[in-house]
Amino acid sequence: MKNSILEELKWRGLIKQITNESKILDAQNNNDAVYCGFDPTADSLHVGHLMMIITLKRFADYNFKPIALIGGATGMIGDPSFKANERVLQTKDQVEHNINKISAQLKQIIPNVNFVNNNTWLSNISLIDFLRDIGKHFNLSYLLAKESIATRIQTGLSVTEFCYTMLQAYDFYYLYKNNNCSIQIGGSDQWGNITSGIDFISDTINKNNKAAGLTINLLTKSDGQKFGKTESGTIWLDKTKTSEYEFYQFWFNQTDQDSINLLKCLTFLTKEQIDNLIKEHQNQSSKHLLQKALASEMTKFVHQQQGLDKALKLTEAFFSGDLFSLTNDLFKMALNSLPNTQINKDTKVIDALIEVKAASSKREAREFLTNKAIMINNQIIEDENTLISSFDLIQNKYLLVKKGKKKYFVILIK
């Protein structure tokens, strides 16, 4: 473990921008609080949020008191920073539901985090008070110079969204004044909002204050694509939206280069541990040691040991073909994680492949069968006229179709 949080963040290549290094080091020595904001735009966080969740946990490991600010008020508006279009406004009930779900997720991941909801203080400010006590401290030219706002001026920016940065600035002011919170952290798009908060504190409390902030680099893949999106959509932290198995597989399927970067950015493995993994992987790359370490660390962090155990058991069952020994709970996870459909027991294999979307046409299905690329319940299938009723069923009603090395589909027999 490094001597300071800044050393830790630097060797991992995480820092994008920082306002004042010495203030952050002083805050570490004084056991100050640090906060990161999460707007409740959905009822679950996703892997794109992990960079900030893990960074908040890193600060906690270095003597800071972690605060997760849930934007009960700002979530009703939506942060315009670097967004192409204005967000669709959510109802109060939607926001409240999302807050409850997200808070439960974060509490499970970072048990010692202190939750605050900015609706607690922002809802008590009248429009007149907002204009007089907050708005007068923000010069229009100052706000328009912010890159996060300037990029939206041409496409259209409502007054509602325009005020967002002032509300977030007040959040920092409030936590600084009431929670001994001197540090705000955020993603690379939050620099303008963070510096607005520091300027507001300087203007209203004391120019010689201890407020500071830093932003974290955007996580991208080695090919330049934004990290976190897949062909099947968003990878959620909620296991009812993305199962532990799917979550594990998402990390396991990263490239070698991306795995190395992700191990540095998102895990708590030391530099020595990561360097040793890289050496071992280079000597026996077929074992995918980097990917296994990454998938295990991330799944355990989000879903605890129990979730990792489930993911590993299901992964092993798919690899070995021993699906008949799976518990009902694990097979339900497989069913929820894979494309599946109901098919009549008298259906031929060639038609079943199309129905379950393992093939787009009979011609393509025949190609797969000819090339021995189709397995049903771990048995290679070549005859297109085989009836699916001829196979032993898993739990008396399921068949598992494997296409190639990694694609799985589940057939439920009617």
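Placed from the backbone N, Cα and C atoms, the Cβ positions cover glycine too.
Just so it is clear, the model here is predicted, and its values are computed rather than measured.
According to Swiss-Prot, the feature L-tyrosine binding site maps to Tyr35, Tyr164, Gln168. DSSP assigns Tyr35 (L-tyrosine binding site) to a strand in the three-state reduction. The Cβ of Tyr35 (L-tyrosine binding site) has 27 neighbouring Cβ atoms from other residues within 10 Å, across all protein chains displayed.
Residues or ranges marked as ATP binding site in Swiss-Prot: Lys229.
Annotated domain 'S4 RNA-binding' per Swiss-Prot: 347-414, in sequence order.
For the motif ''HIGH' region' (40-49), DSSP puts the residue distribution at 3 helix, 1 strand, 6 coil. Residues or ranges marked as motif ''HIGH' region' by Swiss-Prot: 40-49.
The motif ''KMSKS' region' annotation in Swiss-Prot covers 226-230.
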Largest CA-to-CA spread of L-tyrosine binders Tyr35, Tyr164, Gln168, angstrom: 17
Average pLDDT across the motif ''HIGH' region' (40-49), rounded to a whole number: 92
For the domain 'S4 RNA-binding' (347-414), the number of residues DSSP places in helix, strand and coil: 19 helix, 21 strand, 28 coil
